[in-house]
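One structure is given below, encoded as structure tokens.
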Amino acid sequence: MKIGASFSDACSSSLLRSSNGVLAVFCSILVYNILTHLRPSLSDRKVTLRTVVLALYPLHWFFSFLYYTDVASLTAVLASYFMSLKKNYFLSSLVGALAVLIRQTNIIWVLFISCTGVLDYILTQQKDSAVLAESRPSQGKDAFSVWNQGVGTGSNLRKRRIGNQAATFNSSVHQTVASTKPSSDFSHEVREIISRLWQLKLELFATFWPYFIVMVAFITFVCWNGSIVLGAKEAHTVSPHFAQLMYFSLVSALFITPVHFTIRQAAVLAQSFWKKNKLVSFFQLCTVLIVGFFSVHFFSIAHPYLVADNRHYPFYLWRKVIKFHWTMKYLLVPLYVYSWISIFNILAKSQRKTWVLVYFLATAATLIPAPLIEFRYYTIPFFFLILHSHVDDDRSWLLMGVLYFAINFFTMYMFLFRPFSWVHEGGVQRFIW
């Protein structure tokens, strides 16, 4: 009896929910360290501001107080990514395996992390070669030593707290090295990477084999289990839900409204459109719009859980917005397309096109097979998006913080003070994401 009572106390609702609170703290620490690594030139104050705002991200904040796997899943994926940035690929793969145990679809993000690690490894090799070739005839011994210190890794080129002069020097080195291989031609960039993959295949396998083991183990599990799902397989069947990508783009852009939905951003996108070949740009825009219309017309899925469970906010968005009129789902397509174009535009300012492509494919592979519209599924791709979107305007971050605070206040109020009951089922029901 004592053993049973102690086990019951250890698994009480309050204790289990508090575990997510602890994980949320670890998640914020990881976000801070990842931002520090990706943006070493940012001051501690700026990094802290971004970390606090992301901790308030409504989907992440809300489920930090409930016993869901979302916080643990995000924490494990970010920990795996941080280890990869630190070149500790073995530990990264181990934490990635833990992320897959928490949520099976995280195998996509483990694959994404391994792919970005490979890209970073290849580019580091190229930059090191370019630095050596350029520095020998022109740099003295002292400058050469500082140069090597500045380009030790592909993405963390400057060390924090090393002085403004050294940071400025290293910044100029980074720009020089990054421009040694032009990336404006996407096809050239892809061919170049494929060529390097073949040249370094043995070295890459020797470095990234832990991820390969995780992939093989996961494939073995799927073959044995007959599905990627452990629980109710009939409710989580793989479906071609292409409209899910459309929803993700708009939701994510709305959560970064001060960046994406501004007159300035619209003007930037319009200018980039007209700067190119107008006929080609017009054809590309029409093609994307047609794909969007095609997706929402043929691949817009109304899951039974979505239309039956009025505790979730997507239930009301589906009924009151998308199903308000038969034309609504088509009228929203231009907004979906604008959101994706704006997302690509922001990412392309700081990331290579191949990185953006890998991110898009990972997001698509995660969301398209999911028949149920759940904003919780957007959390991990959103965090990778915002962490790699170099938004340097503190005003935008402050406005995002105010937006998140307002949404959190509303959702917490509805959850705590607006409970309701179902006629066909006893107990108290509450509004959640």
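Each Cβ is built from the backbone N, Cα and C atoms, and glycine gets one as well.
Automated prediction, rather than curation, is the source of TrEMBL annotations.
Residues or ranges marked as transmembrane segment in TrEMBL: 15-35 (among others).
TrEMBL lists 47-69 (among others) with the feature transmembrane segment.
Under the heading transmembrane segment, TrEMBL lists 89-119 (among others). Listed by sequence, the residues of this chain that lie at least six past the ends of the transmembrane segment (89-119) yet keep a Cβ under 8 A from its Cβ atoms are 69, 72-73, 76-77, 79-81, 83, 193, 197, 204, 207-208, 210-211, 213-215, 217-218, 228-230, 352, 354-355, 358-359, 362, 365-366, 370, 380, 384.
Taken from TrEMBL, the feature transmembrane segment applies to 208-230 (among others). The list of residues near the transmembrane segment (208-230) in space but at least 6 beyond its ends in sequence, with Cβ under 8 angstroms from a Cβ of it, reads 89-90, 92-94, 96-97, 100, 104-105, 107, 110-111, 113-114, 117-118, 121, 236, 238.
The transmembrane segment annotation in TrEMBL covers 242-261 (among others).
Positions annotated as transmembrane segment by TrEMBL: 282-306 (among others).
Beyond its flanks by at least six residues, the transmembrane segment (326-348) meets 243, 246-247, 249-250, 252-253, 259-260, 265, 268-269, 272, 285, 288-289, 292-293, 296-297, 300, 355-356, 359-360, 385, 388-391 of its own chain at Cβ-Cβ distances under 8 Å. Residues or ranges marked as transmembrane segment in TrEMBL: 326-348 (among others).
Annotated transmembrane segment per TrEMBL: 355-377 (among others), in sequence order.
Marked as transmembrane segment by TrEMBL: 397-416 (among others). Listed as Cβ neighbours of the transmembrane segment (397-416) (distance under 8 Å, sequence separation of 6 or more from its ends, same chain) are residues 49-50, 52-53, 56-58, 61-62, 255-258, 313, 391, 430-433.
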Of 47-69, 282-306, 355-377, whichever stretch has the most CB pairs under 8 A to the transmembrane segment (15-35): 47-69
Determine which residues of the chain contact the transmembrane segment (282-306) at the Cβ level, with the cut-off under 8 Å and only residues 6 or more beyond its ends counted. 235, 239-243, 245-246, 273, 312, 314-315, 318, 329-330, 332-334, 336-337, 340-341, 371-373
Who are the long-range neighbours of the transmembrane segment (47-69) in its own chain, taking Cβ under 8 Å and residues 6 or more past its ends? 13, 16-17, 19-21, 23-24, 27-28, 31-32, 35-36, 39, 102-103, 255, 375-376, 378-379, 382-383, 386, 394, 397-398, 400-401, 404-405, 407-408, 411-412, 415, 432-433
